[in-house]
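Only one structure is covered here, and it is reproduced in the block below.
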Amino acid sequence: MPFSPPCLDPAAAAAASLSFLPAAAARPPAPCAVAPRSRRALRVAASVATAPESAAAQGRLESLSQVAGVLGTQWGDEGKGKLVDILAQRFDIVARCQGGANAGHTIYNSEGKKFSLHLVPSGILNEKTMCVVGNGAVVHLPGFFKEIDGLESNGISCEGRILVSDRAHLLFDFHQTVDGLREVELGNSLIGTTKRGIGPCYSNKVIRNGLRVSDLRHMDTFGAKLNTLLRDAALRFEGFEYSTKTLKEEVEKYEKFAERLGPYITDTVHFMNQSILQNKKILVEGGQATMLDIDFGTYPFVTSSSPSAGGICTGLGIAPRSIGDLIGVVKAYTTRVGSGPFPTELLGKTGDLLRASGMEFGTTTGRPRRCGWLDIVALKYCCQINGFSSLNLTKLDVLTGLKEVKLGIAYCTEDGKEIESFPADLDLLEKIKVKYEVLPGWEDDISSVRNYSDLPETARLYVERIEELVGIPVHYIGVGPGRDALIYK
């Protein structure tokens, strides 16, 4: 559905302009006379929602399809976990379809307590929600049980509420060791992985010698299969060593894990399809994001799975026609952790300001995230691949205090020719110039706003311009980290 251009007063309209700047070297806007407040200062108590506003929120949530998905549209860290946590209250099942402990989802409970999850689905805070780890995920059992122990120590019951696919692959500690050795081997060309062993584990899956959760039911052959993996790693990497004693200790550890994991192990393909037949409501929680997709991302600076819409089907074993609404989560600016192209990256003071104000440090690694303006070209590319029905714009409050904000609306070659699609060529991506549209910023604290019409006019202009450029409506707007800090549009 087309969007009408937002109405502005003449002064605001005059403030919008276009500019060309080289990729990764965009000139930051002039600093504000008063520096934007910290995220902590922005966390004020939410105002009580009006009755019409509550009705709007209820309408948005109740209109979602039986099977819906929440996927990232950038390079991860968009804030998917918060939306999943909120939506989970209306769903019977929340499922992870791919990835592993490289995905860091930060959520807050009703008391404001922070939880950082990596493998357990974000729906776990909702006591009536069943959580599923699908066949497309890779499971590091020491980390999995550490998460469960942490949740239960905080009063969140996990017993009988988490199902793990018997087809999911097991990620071992040695995979993490190999991940680090691989990065060292790459030297200056390193990919910048989380070193959580994701790539090596998926590599074993693809060459068909990996161990799956179902192998824990056959501990008599488990040791021999694990020995094959360890031997291959030792042959491949000079710095990798293991002994018969190491193998024995690992097998003994997994014998205990097998006993503890037993109640969780399920044929989740059957469970998911039966749940669909029973009209259960299912919410799929994507890890990472489309720009990290093994096929569609900035290869080779990508993850080893498919965090796009296609990964839902292959990672859970459900049919494409069963999937309805897909919500794309996009930060109001762009961030990236690790190496790889980043056309709208800000290397100056504005990038530092966004990092500090947005608390942009990786949930999984703790590394500072690279920051830049919202990349509309990349966003449209992700929308094209996934077919999103709506968007969740997060962290709009972080832009408060900037005199002007920019949208990267086009890529151009060095000679000024506009590029029609998102390039696969990394050399081209590193050389492109970004065409920016400049919009006026806002000074008002928006962290307590819960009604779209109460946002500053220029903040609404920013949201509506994104809708107009992408052609997809923004239904949810994040203005803070808490559960309640969400505007339903």
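In case you wondered, yes, glycine gets a Cβ from its N, Cα and C as well.
Bear in mind that the values here come from a model prediction, so they are computed numbers and not experimental data.
According to Swiss-Prot, the features are:
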type: ACT_SITE; residues: Asp77; note: active site, proton acceptor
type: ACT_SITE; residues: His105; note: active site, proton donor
type: BINDING; residues: 76-82, 104-106, Arg369, 395-397, 478-480; note: GTP binding site
type: BINDING; residues: Asp77, Glu78, Gly79, Lys80, Asn102, Ala103, Gly104, His105, Thr194, Arg208, Gln288, Thr303, Arg367; note: IMP binding site
type: BINDING; residues: Asp77, Gly104; note: Mg(2+) binding site
type: BINDING; residues: Thr363, Thr364, Thr365, Gly366, Arg367, Pro368, Arg369; note: substrate binding site
type: TRANSIT; residues: 1-45; note: transit peptide
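Known features from Swiss-Prot, placed on the structure.
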| residue | record | Cβ within 10 Å |
| --- | --- | --- |
| Gly76 | GTP binding site | 31 |
| Asp77 | active site, proton acceptor | 29 |
| Gly79 | GTP binding site | 23 |
| Lys82 | GTP binding site | 26 |
| Gly104 | IMP binding site | 21 |
| Thr106 | GTP binding site | 18 |
| Gly366 | substrate binding site | 9 |
| Pro368 | substrate binding site | 14 |
| Arg369 | substrate binding site | 22 |
| Val479 | GTP binding site | 27 |
Nonlocal neighbours by CB distance (under 8 Å) for Arg367 (IMP binding site), same chain, sequence gap 6 or more: Val337, Gly338, Phe361
Candidate nearest Gly104 (IMP binding site) in space, where candidates are the recorded positions Asp77, Pro368, Leu396, Val479 and distance is Cα-Cα: Asp77
Residue pair Gly79 (GTP binding site), the residue listed as 'active site, proton donor' - Cα distance, angstrom, rounded: 7
Collapsed DSSP category at Lys82 (GTP binding site): helix
Nearest recorded site to Lys82 (GTP binding site) by CA-CA distance, among recorded positions Asn102, His105, Gln288, Arg369: His105
Assigned element (helix, strand, coil) containing Asn102 (IMP binding site), judged by DSSP: coil
Cα-proximity to Thr106 (GTP binding site), 10 Å cut-off, over binding-site residues Gln288, Gly366, Pro368, Arg369: none
Among Asn102, Gln288, Gly366, Pro368, Arg369, which are recorded as binding-site residues, the nearest neighbour of Gly76 (GTP binding site) by Cα: Gln288
CB within-chain contacts under 8 A for Gln288 (IMP binding site), separation at least 6: Gly72, Trp75, Gly76, Gly99, Asn102, Ala103, Thr303, Ser305, Pro307
For Gly76 (GTP binding site): DSSP state (helix, strand, coil): coil
CB contacts for Asn102 (IMP binding site) [other CB atoms within 10 A, all chains]: 28
Three-state secondary structure, Leu396 (GTP binding site) (per DSSP): helix
